[in-house]
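Colleague: Okay, these came from TrEMBL:
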DOMAIN    107-220  domain 'Phosphatidic acid phosphatase type 2/haloperoxidase'
TRANSMEM  24-46  transmembrane segment
TRANSMEM  77-99  transmembrane segment
TRANSMEM  106-129  transmembrane segment
TRANSMEM  149-167  transmembrane segment
TRANSMEM  174-193  transmembrane segment
TRANSMEM  205-223  transmembrane segment
Amino acid sequence: MHPFVHRYELDTSRPTGREVARDLALRAFLPGAALWVVIVGLGFLIKGPLENLPGEADVNHTLVEGRTPLLDTVTEMLSAIGMTEFIIGACVLAVALIWWRTRQWWFALVPALAVSLQALIFLTSSLVVGRTRPEVDMLDHAPPTSSFPSGHTGASTAFYLTLALLAQRVQNPVLRVALTVLAVLVPFAVGFARLYRGMHSLTDVLAGLVNGVVCAVLAWGYLRRDTSQVRV
């Protein structure tokens, strides 16, 4: 067992509310604030000295020129699974299932923490950076948030990476690998869909991926657990 991946199996002791609040502040939200600074800094770097990376427009225009009715439909479906409404609904279901299966409310918080932390960083950083969306025909209605970072990509990455970590508890090795690969691939598919549909530039999607990955890792490790006695 890997001590980080299986930390909630290696130590099932019940924390106090004070311990959870302390660790949320110190091990999730404080590092999350540092991540926010990095993302905002990158956003201003792209908008300012890098002049919005004009070469990125070539990526968007190439994808627009390659659009087909089939890809329009497929990317519409892929984009939908990164929508706020879908992620929130799936997250609530995941929290309920984890709580029901493990009876560990502190563990059941993990998916909600990953998604919430990602959303907080995304919403505030996009408001501060204020990057405009690509100047191409968009296949979706543009939300009120700005282009950087990608919220769909960040939300799907935070949620599905958490599912990939949860999948490591599956005993059947074939099913475990299949679920892990599927969960890891989904954020990349969502990111491609957002690019294809003209909603983001490439660096918007990459920043969303970084936001989601870091928030999933922070959420998974938010609570101090004793993993010194690793079971083989």
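All positions are counted from 1 along the displayed chain.
Cβ from N, Cα, C; glycine included.
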Colleague: Need one number: mean pLDDT over the domain 'Phosphatidic acid phosphatase type 2/haloperoxidase' (107-220).
Modeller: 95
Colleague: With helix taken as DSSP H, G or I, strand as E or B and everything else coil, how many residues of the domain 'Phosphatidic acid phosphatase type 2/haloperoxidase' (107-220) land in each class?
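Modeller: For that range the per-state counts are 85 helix, 0 strand, 29 coil.
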Colleague: For the transmembrane segment (77-99) and the transmembrane segment (106-129), does the number of C-beta pairs under 8 Å, pairs 6 or more apart in sequence, reach 3 or more?
Modeller: yes
